[in-house]
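Asker: Straight from Swiss-Prot, here's the annotation block:
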- 102-135: repeat 'TPR 1' (REPEAT)
- 374-407: repeat 'TPR 2' (REPEAT)
- 453-486: repeat 'TPR 3' (REPEAT)
- 493-526: repeat 'TPR 4' (REPEAT)
């Protein structure tokens, strides 16, 4: 907060006429905005105000200014807290002093949270909310702040209640824009809680409010982006990759519209409308991110790579000027997705270096590490499968299961752990227990179309290894039906090649060929290196069995090329120091196993 900004709202002549006060304030602001800032001198100027035994209004405002400067520009949180507590205490005794009173409450509760004194922040915010009902801007802002605090504590029920209160208050004070923000925020939390029956009517209402609201074009489009992001993520959570396409297209058009609008100062007539969801640049990265999520699920991995590169470039530019924690969250989620892409496309060494980079990013923030530790271990488990370290894969997935409460992630991990047990071939008891928990025919734990299709595939794979071919075909045809319905290309390719293998074993070469050829075409399009390797081996054997020697030779050559590429990448990955991360299953990742100079990826120059 600018220390001079306060003078713009100082109405009593007692403040404005004190020339000593204005002079000290001017010096303080000069030192604060110097390049580099001279914070110590700024603080001295503000402290000097107290030497003049100022009136209560100046005293309270100066405590707020000192607390703000110390909080934002120094590590002296104790002194910042003392000044903010005094500002809050004194300002409550002064009538019509809302700007200082509620700014102090907001900043002080933020500081309490930073010091892990959440129990001090909550009653402070509740008191401020209680006495701010005649000040729409501050009442809404404080409700948002307390809801966010509850969300960070994973108390989503209390957060939803507060957002509901905020939505009703915004309606009463005639702010449909801020009502939509409260409702969309509540919808986001309901999606996180998987309360889908409550989400659908709420999103329908939000859609109507957004379309009917006539106001600033950037604010209107930002509401539409928020609304569409919720719809897209809802579809993606449900694994409905094809159904989401119209919404995703609308979202991409919407962000293009926003990028053409001028960032004029928004000065709404209703003070309750003085909010925005995200800066335009952040929204742009978010749209890239959901596009990457869609491309990853659909199996368009080159497209996922392209949008990841664009998003990471944008993020690096933004992070030079903006320390907002959401940017680090975006970066982490992007890396999580691109790592999975690398493992599929046969770039294990690069994936491993990016896992190391992810570890470093998460270690910069305890909250980031807490929120993404399960994903980190899951990615390491997937890497372990790719380099055939099955014991380590099991340890990583078991650790990830211990750390997650997210049902979709839990199901994803269990599905992959089941594939590890199938490959090991001697873990039948554990495997049966796992398969019972992800039975796609009965009480499947999540509503995700994609994960249910994957569960059918895992059942088919297990039946194949046990020689129960008719049962395997039933499961795989179910996977094919589901994956074709939603354009899940990787699952389609995997199911086709496994069906082709079954028909080959049964001696039905024609039917096998009908499965393997499209599997190979689809795997090349993705590109999925493992399925290409498997398909080329089958094509070689099929053509040899049918006496097609030229085709058999061509397929053998392809298989040899894929084998060489994968072997070379395997050797490179296992020789990296980061490979030792596969043994990490507890606490923070060991620093000695991480690359100290960052990854040498295609993005090295940008990162």
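Cβ coordinates come from backbone N, Cα and C, glycine included.
Computed from a predicted structure; not experimentally measured.
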Asker: Within the same chain, where does the repeat 'TPR 4' (493-526) have neighbours whose Cβ lies under 8 angstroms from its own Cβ atoms, ignoring anything closer than 6 residues to its ends? I mean 6 or more beyond.
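Answerer: Contacts with the repeat 'TPR 4' (493-526): 299-301, 344-345, 457, 460-461, 464, 469, 472-473, 476-477, 479-480, 483, 532, 534-536, 538-539, 541-542, 545-546.
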Asker: For the repeat 'TPR 2' (374-407), what are the same-chain contacts with Cβ under 8 Å, counting residues 6+ beyond its ends?
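Answerer: Here the qualifying positions are 194, 336, 339-340, 343, 348, 351-352, 355, 358-359, 362, 413-414, 416-417, 419-421, 423-424, 445-446, 570, 573-574, 579, 581-586, 589.
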Asker: From the DSSP assignment alone, can you count helix, strand and coil residues within the repeat 'TPR 4' (493-526)?
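Answerer: Across the repeat 'TPR 4' (493-526), DSSP assigns the residues as follows: 30 helix, 0 strand, 4 coil.
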Asker: On the 0 to 100 scale, where does the mean pLDDT of the repeat 'TPR 1' (102-135) fall?
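Answerer: On average, pLDDT over the repeat 'TPR 1' (102-135) sits at 94.
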